[in-house]
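For reference, the structure is listed below as structure tokens.
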Amino acid sequence: MYDKQDKQAVAIIGSGNIGTDLMIKVLRDAKHLEMGAMVGIDPASDGLARAKRLGVATTAHGIEGLVTMPNFGAIRIAFDATSAGAHHRHAAVLREHGVTVIDLTPAAIGPFVVPVVNLFAHLDAPNLNMVTCGGQATIPIVHAVSRVAPVRYAEIVASIASRSAGPGTRANIDEFTETTSKAIETVGGAARGKAIIVLNPAEPPLMMRDTVYCLTEEEADTDEIESSIRAMVSAVASYVPGYRLKQAVQFDRYTAANPLALHANERRAGLKVSVFLEVEGAAHYLPSYAGNLDIMTSAALAAAEQIAASRVAA
């Protein structure tokens, strides 16, 4: 058990689906965090109404409303679940007040963070970017391969239910691909990365599916790669219980005589690793098919919990 004084107060900026799901996770599961404020701009939003019913302090006046709340001085960590454009302004205001920011938008002001890969390197960063839903699902796999064999090229395809993609996701499609591609390289360890997102209109909606392709050396050890991948899947599932391999890891060897076509004008020999994932949401607030949103809120919560725990330990 943890005493109340061991917990750090958090604010959630953005009272939409992601912000509301994150609030419920903090209230249900957090050991080192407590809700300090839910911040929105729509007084009629379900997220603000739900927060009030749960006894959480609220404001419908955005970042300006947050800094004038009586308990703002107690806020140590803020989650931004708005948009990349809005985050730049929010980050500047919160930085002035010494509040650590966990950014769930593609703004990428701070370092990219995937909890199982590089969180401990950034515990003291003032602003941490959680990449994207596709990044949180696939970068651990790229890293799992790259830690045992060099990854020359990695490509990920994130397929999400169209119904789970709100206006923020749709408005940030370009940022999604750019941010995820960059993080595949800088966090995942691939020499080159590419990201594709697919909005699946199927009804009933399908769960999030992710495909990861990695090209490594032709002589790479398949047993070592598969063992590393399975260990990584278990690590991610420790904070995203619905994260799992959909089928066995697949390997295809391409020789100089029969190279793999990466692009129209590029062919390479090597070992192609194909990993197929499924992410089922916890259905705390969002439907279970919205694993793309659940993995973001779960990763953000895991990051904040570790940051808060490190402060308590200090």
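Any Cβ shown, glycine's included, is placed from N, Cα and C.
Record features, source Swiss-Prot:
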type	residues	note
BINDING	SER15, GLY16, ASN17, ILE18, SER164, ALA165, GLY166, PRO167, GLY168, THR169, ARG170, ALA171, ASN172, ASN292	NAD(+) binding site
ACT_SITE	CYS133	active site, acyl-thioester intermediate
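Ranking the binding-site residues GLY166, GLY168 by other CB atoms within 10 A of the CB puts GLY166 at the bottom. The C-beta environment of SER15 (NAD(+) binding site), restricted to residues of the same chain at least 6 apart in sequence and closer than 8 Å, consists of MET38, VAL39, GLY40, ILE41, ASP42, SER45, ASP46, GLY47, LEU48, ALA51, THR58. Taking the Cβ of ASN172 (NAD(+) binding site) as centre and 10 Å as the limit, one finds 21 other Cβ atoms among all the protein chains shown. Working note on the recorded positions ASN17, CYS133, ARG170: by count of other C-beta atoms within 10 Å of each C-beta, CYS133 ranks first. Rounded to a whole value, the Cα-Cα separation of GLY168 (NAD(+) binding site) and CYS133 (active site, acyl-thioester intermediate) is 13 Å. Reported as a whole number, the C-alpha separation between SER164 (NAD(+) binding site) and CYS133 (active site, acyl-thioester intermediate) equals 12 Å. CYS133 (active site, acyl-thioester intermediate) sits 13 Å from GLY166 (NAD(+) binding site), counting Cα to Cα. Of all the Cβ atoms in the protein chains shown, 24 others lie within 10 Å of the Cβ of SER164 (NAD(+) binding site). Across the residues the record lists as binding NAD(+) (SER15, GLY16, ASN17, ILE18, SER164, ALA165, GLY166, PRO167, GLY168, THR169, ARG170, ALA171, ASN172, ASN292), the two Cα atoms farthest apart are 18 Å from each other.
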